[in-house]
Amino acid sequence: MGKYFGTDGVRGVANSELTAELAYRLGRAGGYVLSKHLPEGEQPKVLIGRDTRISGHMLEGALIAGLLSIGAEVMRLGVISTPGVAYLTKSLDATAGVMISASHNPVADNGIKFFGSDGFKLDDATEQEIEDILDAAEDTLPRPTGKDLGFVSDYYEGAQKYLQMLKQTVEEDFDGLHIALDCAHGATSGLAARLFADLEANVSTIGNSPNGLNINEGVGSTHPEHLAEFVREKGADMGLAFDGDGDRLIAIDENGDIVDGDKIMYICGKYLSEKGRLKDNTIVATVMSNLGFHKAVEEAGMTALQTAVGDRYVVEEMKKHQYTLGGEQSGHLIFLDHSTTGDGMLSGVQLAEIVKSTGRKLSELAAEMPVYPQKLVNIRVTNKNDAMNGERVLATIQEAEAEMAGNGRILVRASGTEPLVRVMAEAPTAEECDRYVEKIAQVVREDYGVDG
């Protein structure tokens with residue numbers, strides 16, 4: 001991670017850390033770096049999408065100004081999901097795509113995330129190149145004039161093109177399925193209900209009334225309990241909860257129980273494997289995936305690989321070997337045959353197709369994967385790097401691992417986007433999880449916690 005770019009683009013409190021001035025400079029630097037390979041005289045084409053945050057308009061305007069000042073043609077997509085921007089960037093042969101969103105973070109935050117012409121997130125080297133320009137003492141980038149300046153146009157029909165692609169990834173409609181949706185008052189608000197209705201599902205929706213301030217507020221994939229209640233109330237066959245920018249999915253079964261990313265990966269992986277469509281019978285997951293996921297995958301004759309936390313690392317591993325399925329427990333799921341990044345709506349239609357074509361309830365499909373009790377605690381710290389390397393912290397982790405003797409695991413890591421240290425434990429019982437997590441968390445709090 002660099003000075004500006006975290007694990008998922010540039011993020012911060014809008015108009016305080018992520019200012020209009022920084023967005024303008026990112027437009028210039030990003031536009032230049034991503035278009036310098038173009039033949040001389042060819043104008044770069046950049047797509048811009050955003051979620052429903054009130055600060056999106058301000059940052060979009062500033063970002064566009066920066067791109068225009070470098071001579072780029074800008075196509076505004078309006079409110080659309082992150083994977084929608086990634087797909088359209090590739091399918092429209094654009095030079096780059098940019099999404100303005102802070103995903104599942106609170107409304108005060110926002111972020112700017114770039115995609116290359118192939119629809120994939122930028123690699124570390126490209127991000128570093130952009131950072132070097134931002135840090136330069138002087139802006140020496142080209143400043144075209146007259147006819148060489150950039151221009152902007154609206155391409156709101158891009159969303160329809162994206163939905164069309166999603167519909168073509170399934171072979172049958174969802175007639176007879178009652179699907180409840182939670183759009184987190186975010187980027188999928190104008191899209192998800194239309195997608196599932198077009199596929200003949202009976203659709204009920206919550207979290208579908210964005211007002212610029214309510215994104216992720218008590219709704220969406222980070223608050224699935226709201227949708228769980230709604231599924232029970234409506235008697236739906238399943239529920240699908242997206243996050244603010246639509247790149248995650250957490251599902252709810254017909255009983256109102258949560259089906260997380262691990263279970264969705266297992267269900268989809270097993271189905272694809274049986275159909276002969278899972279490359280090397282392999283699923284790419286992260287170190288956060290539950291031990292139960294690994295046991296179920298193995299039992300079904302598949303292999304699970306592990307990467308660092310972050311969908312970008314999952315995608316890197318998938319690209320290297322052309323694996324078809326990967327994801328995270330948090331609900332980022334990547335179907336590389338159809339998409340270049342995590343896609344909540346794509347994951348939703350794949351899961352609904354499995355429920356429809358197998359004729360089995362989602363609860364039955366999910367029950368095949370056992371879940372080891374897991375506890376995760378986030379601790380706000382003064383310096384996450386110091387906390388991760390603290391002598392007492394490391395000693396306490398070693399102590400806990402020795403106690404476990406292989407029957408469970410501990411994972412302590414720094415958040416890629418916030419000043420947090422995450423302490424996670426899995427063990428045979430919930431009581432043991434609590435004990436291990438609290439033991440480590442207490443030391444982190446005492447030595448590095450914001451509140452001491």
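Just so you know, glycine gets a Cβ as well, placed from its N, Cα and C.
Keep in mind it's a predicted model, so treat the numbers as computed, not measured.
Residues annotated as Mg(2+) binding site in Swiss-Prot, with sequence analysis given as evidence: SER103, ASP243, ASP245, ASP247. The local packing around ASP243 (Mg(2+) binding site), expressed as other Cβ atoms within 10 Å of its Cβ over all shown chains, amounts to 34.
Residue environment of SER103 (Mg(2+) binding site) contains 31 other Cβ atoms, counted within 10 Å of its Cβ in all protein chains. According to Swiss-Prot, the phosphoserine annotation covers SER103, on the basis of sequence analysis.
Look at Swiss-Prot and you will find SER103 tagged as active site, phosphoserine intermediate.
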Around the C-beta of ASP245 (Mg(2+) binding site), how many further C-beta atoms are within 10 angstroms, looking at every protein chain?
35
Applying the rule Cβ within 8 Å of the centroid of the Cβ atoms of SER103, ASP243, ASP245, ASP247, what extra residues of the same chain belong around the Mg(2+) site?
ASP51, SER81, THR82, SER101, HIS104, GLY186, ALA187, PHE242, GLY244, GLY246, ARG248, GLY342, GLY344
